[in-house]
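One structure below.
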Amino acid sequence: MFSQQPPPTFPPVPQQQFPPVPQQQQAFPSMPQQQQQAFPPVPQQHQAFPPMPQQQQTFPSVPQHQQQAFPSMPQQPPNFPPVQQQAFQPVPQQQQQAFPPMPQQQAVPQQQQAFPPMPQQDAFPQMPQQPPNFPPVSQQQQAFPSMPQQQQAFPPMPQQQQQAFPPMPQQQQQGFPPMPQQPQAFPSMPQQPQAFSQGSAFPPGQPPQPQRQRLDPDMMPSLVQVAEDDQSTRSGLFPTGFPQAESPPLVSTEIIAQDQGNANPKFMRSTLYAVPQSQDMVKATQLPLSLAICPFAKLHQSEYPPPVIDLGEIGPVRCQRCKAYMCPFMEFIDGGRKFRCPFCRASTPVEDGYFAHLDHTGRRTDIQHRPELYLGSYEFVATKQYCKNGTPPKQPAYIFMLDVSYNAVRTGLVQLFCRNIKDMLRELPKENFRSGASSMRIGLATYDQTVHFYNLSQPGRAEMLVVSDIAEMFVPFVDGFLVEFEQAENALTVCLREIVNNFAHTRITETALGPTIQAGLDALRSADRAGKLFIFHTSLPVLDGAPGQLKNREERKLLGTDKEKTMLTPSIDFYAKLGEECVKWGCAVDLFLFPNAFVDVANIAPAVTTTGGIIYKYQYFDAERDGERFLADLRHDISREVAFDVMMRLRTSTGIRPTGFFGSFYMQNTTDVEIAALDADKAVQIEIKYDDKLDEKEAAYFQLAVLFTSCGGQRRLRVHNLSLPISSDYAQLYRLIDEDCLATHLFKQAEQTLREKAPKEIRDELTLRCAQMLAAYREKCSEQAPLGQLILPECAKLLPLHVNCIERHDALNGGAELTVDDRAWMMSLVPSLTVLAAAHLLYPRIYPLTALGTPQQQQQQQLAADDGHNQQQTGQANGGGMPSGARTSTLYSLLEDELAAMGITDDGGAGGTDAQQQLVVEVPAQVRASFEYFQPQEAYLIENGLVAFVFVGREVPSEWLSNVFGVNSVTHLDTETHELPKRPNAQSVTLRRLWHWANLGRERRLKLFIVKEGDALEAWMKKFLVEDRYAQTSNSYVDFLCTVHREIRSILS
């Protein structure tokens, strides 16, 4: 649905248009624009990468199933196309060993990172005995000292004592030389010592002195380093796997997914890619089985969108018992006359119109014409049975409802909106990006103490009808209120001009927000259309007698205390019930707030979040200062493709079922998720619980069915499938953790409990759960390691960092330094976050800036551009994702209007004359989120998806300041501006390109602050340096590791 290539639509496509199963090898899928077939080809089963150099297996012996560098093709189901060789990723490091362990030395599992013993423990412990069920050993053990109650060394805290010793030098473990470097699929921690022994730093015969030791942050697992290593080893083509899904790379890694029968991980990710056999394993490890689901995620331009399948009157083929839809895991039996469902094991007769014979291998002879038999994601055209009242839906509508009270006029909002909205409406979403005008309808209304409706069906005339009875709101007319943009363009021009003139001198300050939403809902309900309301609001709705009237109840001093729940939960249920009514009629609400005082976001938010909408907030809005950011957000919200009137259900195989749901939606029962509007920037998290013990010989199956109305008014059904292995092996369980998905689940789960528990209680529970996860790994997979060592699983070594970031985030930990509205607004954003957005929100991205645009960087940029052309890689490999930091240059395709918005159309940066122009953007290597890694002669861009800082050190070269900001000294820097100056030189242009690129794919434009070292804003900026201690309730990364280590020791002892 979200692709530039339109999938086929009804009537059904003749079979002769489908190509046969391709026989040639293919390393990368061809570009969709060049593909002439209606559906993507059946995934190639040839080897996609050259074989790894053969390595000799040495002691210890490797189990037979792990000796192959490339595992053999799993047994294919009878309905899968013929294969020759499965295109697998290289075997992870856990299954490779190029060198034997050192003599007389116990091999250490690659999945363990060991911290040296506590001061009371032996400084040179024996290496742990290898458990019999553990994966083959690798070359590396990372050992870190674990110091309780140790604080970050830089910047110093007031109570912190100075350390007497510098960081300890790199040492060799137990006298042996370091292990040789080996090729691996999963990154190790480079530039770190193989072991760190405490005793060697002190004179012989003297015990170590705990109070004089320093825990070096460089030795802690680094998210930046892990992301760069994953990008360098796992980016590019990613086969999703069949019959069971492959564990995907990190969410920050740029991939091009090849659908082999399991859904693209951008659509559906699991916290665990080995499903625990029983609830007892989940309870023992505290690892949740949860799916992060983004059904309409934006894809890379080289990835095939889910094809649209029209089966005519037959409709989607389903299991007669559990109602699961046809998928690659269905098994055809009895000569093709029946199929067996993998979810409930029931057999269903095949209708005559869907019947096909089976070949001698048991596969259907028409498989190449049936994408639902070999792809993990696809869409069905829905029949009348899937439509409300058996009637096909109409085209959806957008209704714009503008606050025209005194505050809106004074800040410039009314003038700014009326001057720009018409041009934005030319970008209304079209069905599969087809040419021509959008078929969606638009409506316009304004409000203050009354609601004003505009008739857009009269060309050249401005007709306004006013409804003053706000207690009994209604729409005075329907036919002329919702019209197509082309028909309404002339009347809209006149109406917008009259709105500015009529309300230019208004003195009305009170507004009726509740009745306005009711009016928009009534307009869509009367027209029998789904749609979305765009509400632009400025003040607390205090109008007497108006439904939804609120009172000022702000008490900032309660934030961060046990009583903060009274401020963060609604005091009335009007807006929650209004949101539920909106969902019932397919009416979504997006709210743009422009407050200069308290507006009670906690009370208003349910009317938005229940419908699947979003709140944009522009505190102390000024049109001249914030107008560009607001217009960028509004343009993105209007132009992005949206699915309307959505109903979603997740089906699972026998023995497990979905029970926990996290997101912005409404549920009338325990199974169906209802959302008025859903787009590529929204996700839902679903937790799975157990009804019975699972069979390890089987697989766990998940199928997400999403029923929706497209922006063209067609009712469709999108299906995503996922199959995961079932395991009773704890080592395999920890080896196949998706840490990004796990962190997102913990974040959303913690936010949901905020209205029930005190913040400190939630933080303590998170810390304990993190310790329980790591203690279980220690107990089940590394039980013989000394108690004084902190052992971290390889695929969860960043878990303490993620949990600490969650605990200190403003959504959970915001105190009196925040306003009540800011805290409630932040909480409203968390439930619908995608995994990528959550990762950026928890751990900001930081880039050094002063080297950008220099001759050396320009030379690297040209080399990277040439390499980008050869590899056909672009910066939107993550569906508009953010930079990984693994490269210094990346090639991007940007539209001309995007370049114009950057102000670099004529600077020589873009080449060619096509509408799609190539622009090279330099991306510096990322810096860890700690002030210890900042240099006074450097400037940094810091961003987390909501706000951004350009932090300028006190010794930044004057040449760079002059080129970028037009000043010669840091003291002359203007920190009141919220945009980068446009100056005609390479460094300025390159920095603005990076800034523009950092905003690509975002749901909202970043709010920029210019901060110079020593400025008042520096203290707030340091809050985003999540590896440092910020306040009494936010630990540094080092402190939190020590706390977790103490908890683990307490659990194990």
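Every residue, even glycine, has its Cβ placed from backbone N, Cα and C.
Unlike curated entries, TrEMBL annotations are predicted automatically.
Database features (TrEMBL):
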COMPBIAS  1-22  compositional bias 'Pro residues'
COMPBIAS  23-60  compositional bias 'Low complexity'
COMPBIAS  61-70  compositional bias 'Polar residues'
COMPBIAS  82-127  compositional bias 'Low complexity'
COMPBIAS  136-198  compositional bias 'Low complexity'
DOMAIN    316-354  domain 'Zinc finger Sec23/Sec24-type'
DOMAIN    393-637  domain 'Sec23/Sec24 trunk'
DOMAIN    643-727  domain 'Sec23/Sec24 beta-sandwich'
DOMAIN    738-835  domain 'Sec23/Sec24 helical'
DOMAIN    922-990  domain 'Gelsolin-like'
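Ranked by number of Cβ pairs under 8 Å to the domain 'Sec23/Sec24 beta-sandwich' (643-727), the listed stretches 316-354, 393-637, 738-835, 922-990 are led by 393-637. The residues of the domain 'Zinc finger Sec23/Sec24-type' (316-354), classed with DSSP into helix (H, G, I), strand (E, B) and coil, number 6 helix, 11 strand, 22 coil.
Per DSSP, the domain 'Sec23/Sec24 beta-sandwich' (643-727) is made up of 0 helix, 56 strand, 29 coil. According to DSSP, the domain 'Sec23/Sec24 helical' (738-835) comprises 71 helix, 2 strand, 25 coil. Taken residue by residue, the domain 'Gelsolin-like' (922-990) breaks down under DSSP into 19 helix, 12 strand, 38 coil.
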